[in-house]
Amino acid sequence: MVKFKSTEQVLKIIKNKDQIRNFGVIAHVDHGKTTMSDSLLAHSGIIAPSAAGQALAMDFDKEEQERGITIYQANVTLHYTQKEDEYVINMIDTPGHVDFSGRVIRSLRAIDGAVVVCDAVEGIMTQTETVTRMALEELVRPVLFINKVDRLIKELRLTPEKMQETLASVVSNFNQLLDTYAEPEYRDAWKVSIQDASVTFGSAKDKWAINVDVMKEKGITFKDVIDAYSEGKVDELVERAPLADAVLGMVVKHHPPPHVAQKYRIPKIWHGDLESDIGKALLACKDDGPTIMMVVNMVLDKAAGSVAIGRLFSGTIRDGQTVNIIDAKREGRVQSVNFFMGNQREQVGELGAGNIPALIGLADSRAGNTLSSIAGIKVFEGVSYVSEPVVQIAVEPKHPKDLPRLVEVLKQLTIEDPNLVVKIDEESGETIVSGMGVLHLDVATHRIQDAKVEIITSEPLINYRETVSSGCEAVMSKSPNRHNKIFMRVEPLEPTIGDMLRSGRISEMKDKKEMADLLKEQGWDTDTVKRVMKLDPRGNVMINGTKGVQFVQESTDSINSGFDDAMKEGPMCREQMRDCKFTFTHFVPHEDAAHRGLSQLGPASRRACMGALLTAGTSLLEPILAIEVRVPTDMVGNVATVLSSKSGKVMDMIQKGPASIVTGEIPASETFTLSEEMRGQTAGKAMWNSHFKRWAEVPKSRLAESISDIRKRKGLAPDPPTVSEFIDRE
């Protein structure tokens, strides 16, 4: 019998860490994550059992319920009883749509296990692979729930034997992901198996599930499942095999408790001294160790203000406690410690290591921050996002008086969602909002309107990047007063280092020795590493190549400022630069400090960088999306025709049941009218999704037109600037 546990009872159970599990639900969009999660909530008494599968209680944002997809990650604390043992299970339901994959990545840092939900008919899809890879990179152990088994019975009308064969094929394909992405020591140990009940089958919509353990205990066979549907006895099947028993039983059996998981996860996500007292406390998940927590999500609550949600890896967090927000180099006071029961926040006073607290009062905290009772400790490794903001819109208030309110709302949105980027265009004064895709931006604009700010938005536009494919000799630029000379050259930066900068693995916020070691691992010599002047998170570097020159040290900030300005907006189209390695080779400064301040050296540095880029020759990069289309087999040719007309290409085609899955690539700039054309060519029978795959050079056939279009919409002169506008002669 389901019994709802009070907060006091839950707190009593979690004193024993063996009784805690932290897991997330991850999946391809529309494979049934949130519907499954509802059944688990009903089992714990948080929603009515009759509403499970319909309430979408984990989609407690109005936008989520209207769209029928999960946009935010929602976390909840569940109670589960297995025979005589009681467990507290912290569950996070994550978005499935690729535009919100950043939220999935941050959630994975907080959990130790993942239930991967997969449609029995569609099988392993692109986003299934992506989220599973993310989980394995975070050393989060996956188990598999094959959902929508009712489709095999009602749509495909499979026999028990054929049904088992189909399910076994899904399991095999899933294990291939582990062969590809799991670290060697876990590759075999973490493979899922029907025989050990790390695979569960069921229907989240109909609220039943079975695995080997349930089948043995209840005497259920696949024939019984088919008979339940053919004889209209699904309710009896639900009574014998409720979904929550099978799924939560699988979680308890195969996912580790926090003190076990942290022994192998901490060395991966925290690069401090593991032999220190701090390191030992993290590895052991000690309640009496220093308080150390990583924030994975910020929620703005109308009543409580900022709520910082994260994983407490060490120590105990209490109401009224002062913590150091390490990344921000500030202190904050925890007003109250809470956990979530659905969309209800429960104040608990304190929580120990291994839990997922929700802290009120830390307004200066952001997702990714490390909180600690000890100042100056090593921060947790940053999370690596699989995509970048590639689509943008311009936003302005319909009524000018609402501008301050719009600025405030946008600030709140970027606190909640670090993948949303807001900037002011200095030329036009427009507010530009960039996101992972059109849906991401659509949701953001709805949030602004929900805040009672009427806005006008532009059509969505693609973000581009600029880079260099070759190097150049040093060029010279003078300051506005003509009294200072800066010499600069550029060459391509190793892509691996660019990726490490963008992921935050290499950062000026990190320990200098650790940064030096990482750069040496990439082949840089000791002297070059010592001379790093500036690390740009967009994926660019500046090296100090000067020798025996006066005033370089005191001029560094000004020169770095000019470098930063050049990296924000490259010379070709004023798009961000990436993968560029600059060397500041020589400096001829004015002797009087009054003549070599920021107003002089900043512009000179920017001009020198721009001159070097144009001398080397810049390339324009566009985002390329991977696309996956599910379509009736006789319409595969129509899909290929659409992709070809959009400068895309088909990479592969496989048949799955009555349909075929076409995978390919397409430039992001060609996707704005793709829905209409795909519907027209396939009579509305195609279902497709796409996600960012890589940056690629714009083909010469489209380059001139692309440059012209970008410069025109930015209000720039038709032609890019020339080298002579940035470099000076002796």
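From the backbone N, Cα and C atoms, a Cβ is placed for every residue, glycine too.
Residues or ranges marked as domain 'tr-type G' in Swiss-Prot: 18-238.
The annotation GTP binding site is assigned in Swiss-Prot to 27-34, 93-97, 147-150 on the grounds of sequence analysis. In the three-state DSSP assignment, the secondary structure recorded for Ala27 (GTP binding site) is strand.
His595 (diphthamide) falls within a helix when secondary structure is assigned with DSSP. Look at Swiss-Prot and you will find His595 tagged as diphthamide.
The residues of the region 'Disordered' (711-730), classed with DSSP into helix (H, G, I), strand (E, B) and coil, number 6 helix, 0 strand, 14 coil. The feature region 'Disordered' is assigned by Swiss-Prot to 711-730.
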What mean pLDDT score does the domain 'tr-type G' (18-238) have in the model?
83
Do you know offhand how many angstrom separate Asp30 (GTP binding site) and His595 (diphthamide) by C-alpha?
62
What is the interatomic distance between the Cα atoms of Lys33 (GTP binding site) and His595 (diphthamide), given in whole Å?
63
Relative to the Cα of His595 (diphthamide), which of the binding-site residues Ala27, Thr94, Val149 has the closest Cα?
Thr94
Which residue among the recorded positions Lys33, His595 has the fewest other Cβ atoms within 10 Å of its Cβ, if you could check?
His595
Neighbour count (Cβ, 10 Å) for Thr94 (GTP binding site):
29
Return the count of C-beta atoms lying within 10 angstroms of the C-beta of Ala27 (GTP binding site), excluding that atom itself.
29
Fewest other C-beta atoms within 10 angstroms of its own C-beta: which of the binding-site residues Asp30, Val149 fits that?
Asp30
Where does Thr94 (GTP binding site) sit in DSSP terms: helix, strand, or coil?
coil
